[in-house]
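Engineer: Submitted below is the structure of interest, expressed as structure tokens.
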């Protein structure tokens, strides 16, 4: 697990390297799902409509055929502005089958956010719901001058009649998904793909630390990470297991796990466009869901919400948490609540890594760890001050090298060179360490560390402390400038419903548990909700206005 190269320390996977198939991802998907043509592959969590593997495979090819009729060319971009719907699967893979590029964004984005993300990659086509179209139609030509066709996808609560009326009154720019797929699925060419050089998708970096950047991922990036993760993650699944697709498909974490890995493996995926606690728990009960990929806010629900006790969740065996670190306190609360029968696993990565690099292995689960290195990867941990490689147990910035590292940022060579070093290692910007068993632990983002009196204070550590208070529902910690001290921690807390708590009570409880330099000298503010991204990452930058308050 430790390799010394030219006197420098590197970390290798405990797993042997695997062979990465040299085929585009849609070819592999079609091959695998046609093995079990009659098996239910997708379920619409709103309508309960079921889709067989055979139907999904046929629809992928019908999307390819429909796009061919629209004269799609290799490298053309189809912007996907959709929630989690069954149609996401054929739209995604059908576009890639034609050599097109899918660019994925949050359907809740405003026009301004769309202009800073999707519009920058000049999409030729858009796939949207009626609600999204209503939001963008008046600004379509201004924000998306490159768009030639908008494909409307039906969602529960909208009628096909409404969509058909729009297609007739939109100067020919709008067509329905049904119109796109109204063909035999056979009339499309075989497009030659350069696996390592051709971009397959352009998701956008989270924007939690700055402006959005388009991340160019190749077919080989996607295939590599699907097979790397499969090596560890699917070995305990059973033949007819169901998973619930609540993680946003527009995010690389939800996309790879559901649209690629779970589809390829043939597990039944119940799609849910938006996380609603009651519906989410009802679907777990109804479809006997065995596995759920979640983010920390959902984990907090499993740990603390009384609503969980109202549902039969006996089918649930595993929770896999990613997108942001999950503190050991919340993990332990879930285990205690479910009397140890639930396996809590974590994964770690970044959009730039397609996205996974660590996954909790089967067997020994270490509370608070993000897991061990996936196959075919090399890691190093570097000092944020000297840039030198560090050893086991030493804390520094985690850097990853392997076949899942992105091609680069879209039209941004400068930003690419800032995060990928001369040896091909991606600098994650996250601070962590590796223990003697090869388990990695994430402490915090290097840019978010609070530097107080010469000490580095990880906000995540203080957030975990606040979350362990029985009356606290959610929490976020940021750094606040204060003269000679540098920065001091300031806390933001959401109190549990029907509970009361004062700042003094919370400070008196917290301060004896932490070193003096970690004390909340910036105070604690009680707010209605903690700002988070769609994938559950804390948006500390959104609390900037509070930081402008004078101490």
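Any Cβ shown, glycine's included, is placed from N, Cα and C.
As listed in Swiss-Prot for this protein:
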- 205, 206, 207, 208, 209, 213, 346, 347, 351, 430, 445, 537: ATP binding site (BINDING)
- 253, 323, 346, 347, 351, 447, 451: (E)-4-coumaroyl-AMP binding site (BINDING)
- 274, 453, 454: CoA binding site (BINDING)
- 276-346: region 'SBD1' (REGION)
- 347-409: region 'SBD2' (REGION)
Engineer: Let me know the model's mean pLDDT on the region 'SBD1' (276-346).
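Structural biologist: Taking every residue in the region 'SBD1' (276-346) and averaging pLDDT yields 91.
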Engineer: Between residue 447 ((E)-4-coumaroyl-AMP binding site) and residue 205 (ATP binding site), what is the CA-CA distance rounded to a whole number of Å?
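Structural biologist: Between the Cα atoms of residue 447 ((E)-4-coumaroyl-AMP binding site) and residue 205 (ATP binding site), the distance comes to 15 Å.
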Engineer: Three states by DSSP: which one describes residue 347 ((E)-4-coumaroyl-AMP binding site)?
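Structural biologist: For residue 347 ((E)-4-coumaroyl-AMP binding site) - judged by DSSP and reduced to three states - the answer is strand.
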Engineer: Work out how many Å separate residue 253 ((E)-4-coumaroyl-AMP binding site) and residue 445 (ATP binding site) at their Cα atoms, rounded off.
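Structural biologist: If we compare the Cα positions of residue 253 ((E)-4-coumaroyl-AMP binding site) and residue 445 (ATP binding site), the gap is 18 Å.
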Engineer: Tell me the Cβ neighbour count for residue 346 (ATP binding site), meaning other Cβ atoms within 10 Å of its Cβ, over all protein chains shown.
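Structural biologist: I get 24 for this one.
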Engineer: Out of 274, 323, 451, point to the one nearest residue 351 (ATP binding site) in space (Cα versus Cα); all of them are binding-site residues in the record.
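Structural biologist: Of the binding-site residues 274, 323, 451, 323 has its Cα closest to that of residue 351 (ATP binding site).
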Engineer: Consider the binding-site residues 274, 323, 451 and say which one has the Cα lying nearest the Cα of residue 346 (ATP binding site).
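Structural biologist: Comparing Cα positions, the closest of these binding-site residues turns out to be 323.
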Engineer: Using DSSP reduced to three states, classify residue 445 (ATP binding site) as helix, strand or coil.
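Structural biologist: SS state of residue 445 (ATP binding site) = strand.
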Engineer: Under 8 Å Cβ to Cβ from residue 347 ((E)-4-coumaroyl-AMP binding site), same chain, six or more residues apart: give me those in sequence order, or none if nothing qualifies.
Structural biologist: 229, 233, 253, 320, 321, 322, 356, 358, 359, 360, 370, 371
Engineer: Closest to residue 205 (ATP binding site): which of the binding-site residues 274, 323, 451, going by Cα position?
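Structural biologist: When the Cα distances are compared, 323 comes out closest.
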Engineer: Reported as an integer number of Å, what is the Cα distance between residue 323 ((E)-4-coumaroyl-AMP binding site) and residue 445 (ATP binding site)?
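Structural biologist: So the alpha carbons of residue 323 ((E)-4-coumaroyl-AMP binding site) and residue 445 (ATP binding site) sit roughly 13 Å from each other.
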Engineer: Looking only at 274, 445, the binding-site residues on record, which one has the least crowded Cβ, with the fewest other Cβ atoms within 10 Å?
Structural biologist: 274
Engineer: If you measure residue 445 (ATP binding site) to residue 451 ((E)-4-coumaroyl-AMP binding site) at Cα, how many Å is it?
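Structural biologist: Pair distance, Cα basis, whole Å: 13 Å.
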